[in-house]
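Peer 1: Here TrEMBL flags Y28 as active site, proton acceptor. Here TrEMBL flags H42 as active site, proton donor. The domain 'CRISPR associated protein Cas6 C-terminal' feature in TrEMBL is assigned to 123-245. What TrEMBL records for K54 is site 'Transition state stabilizer'.
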Amino acid sequence: MRFYLTFEPEGVLTLPLAHHHILQGFIYSVISSNKNYSQFLHEQGYRTSGSSFKLFTFGPLNGTYHVNRQRKEIRFFGAVTFEVRSADFRFSEAFLDGLYSNTLFHLGGTNIHITDINTDSYKITSNRIQVRMLSPIVLYHTVSTPEGNKTIYHNPLEDHYETWLNDNLQRKYYSLYHNNSVPYIKFSTICVSSRDKYVTLFKNHTYINGWKGTYQLQAPSDILDFLYYAGLGSKNSEGFGMFEVK
């Protein structure tokens, strides 16, 4: 299910430029009304092959804003919209229940009032789609070095990017459905350049590298539909991998 939220902050909403963790925290606060599921998702998630998947993703905030590069902050004025998606019906139920149980929430220390909630279950029907990343796609590997573990982030122009993307899909899909028979997804770039590279801090201590841009995906429509709701690539629950179908 996908959720379109509109909220009004009390005054000006001021956030750090790197605020993925704040949006993620807001989502967890909404589902906290379902204590069992909230605890499961936050502490465990859907595990497989040493990985944990939360099976939700979210996009950037949209509204009237001003960026202050010197102070490394963004200020929103008036109504703000926010999109959240999930491939897990348990998340959708908990998130919807949480939204309707309380209209007042907190975001980065500012009170916000939810003024509108729209939901739908958009379906992808084609086996080949062009997508534009609304939030960057992230793929990475962790390697051991004499100095400790090192995270290597990949870009969509690398030769093995499609293979790594499929490895992520296999594990993510299995975590929810326990099905190893996931068709291979074909991935190709349509429009991506160095300007699409996106670097941000998560919780002020972890650098994450991702890529925006436009791509083509080819796979059975139900697999593409799964990716639409769960997110493409890694770190979806941190606000990466959301795309729109062109």
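Positions of Cβ are set from backbone N, Cα and C atoms, glycine also.
TrEMBL does not curate its annotations; it predicts them automatically.
The model shown is predicted, which means the values in this text are computed figures rather than measured ones.
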Peer 1: Using DSSP reduced to three states, classify K54 (site 'Transition state stabilizer') as helix, strand or coil.
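Peer 2: Where K54 (site 'Transition state stabilizer') sits, the three-state DSSP reduction gives coil.
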Peer 1: Could you give the Cα-Cα distance between the residue listed as 'active site, proton acceptor' and H42 (active site, proton donor), in whole Å?
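Peer 2: Taking the Cα atoms only, the residue listed as 'active site, proton acceptor' lies 8 Å from H42 (active site, proton donor).
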Peer 1: Please name the residue among the recorded positions H42, K54 whose C-beta has the most neighbouring C-beta atoms within 10 angstroms.
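Peer 2: Checking each of H42, K54, the winner is K54.
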Peer 1: 10 Å Cβ neighbour count around the residue listed as 'active site, proton acceptor'?
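Peer 2: Excluding its own Cβ, the number within 10 Å is 14.
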Peer 1: Within the domain 'CRISPR associated protein Cas6 C-terminal' (123-245) only, compute the mean pLDDT.
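Peer 2: Across the domain 'CRISPR associated protein Cas6 C-terminal' (123-245), the average pLDDT comes out at 94.
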Peer 1: Roughly how many Å lie between the Cα atoms of K54 (site 'Transition state stabilizer') and H42 (active site, proton donor), rounded to a whole value?
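Peer 2: Pair distance, Cα basis, whole Å: 8 Å.
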Peer 1: Count up the helix, strand and coil residues in the domain 'CRISPR associated protein Cas6 C-terminal' (123-245) according to DSSP, in that order.
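Peer 2: Result for the domain 'CRISPR associated protein Cas6 C-terminal' (123-245), in helix, strand, coil order: 33 helix, 47 strand, 43 coil.
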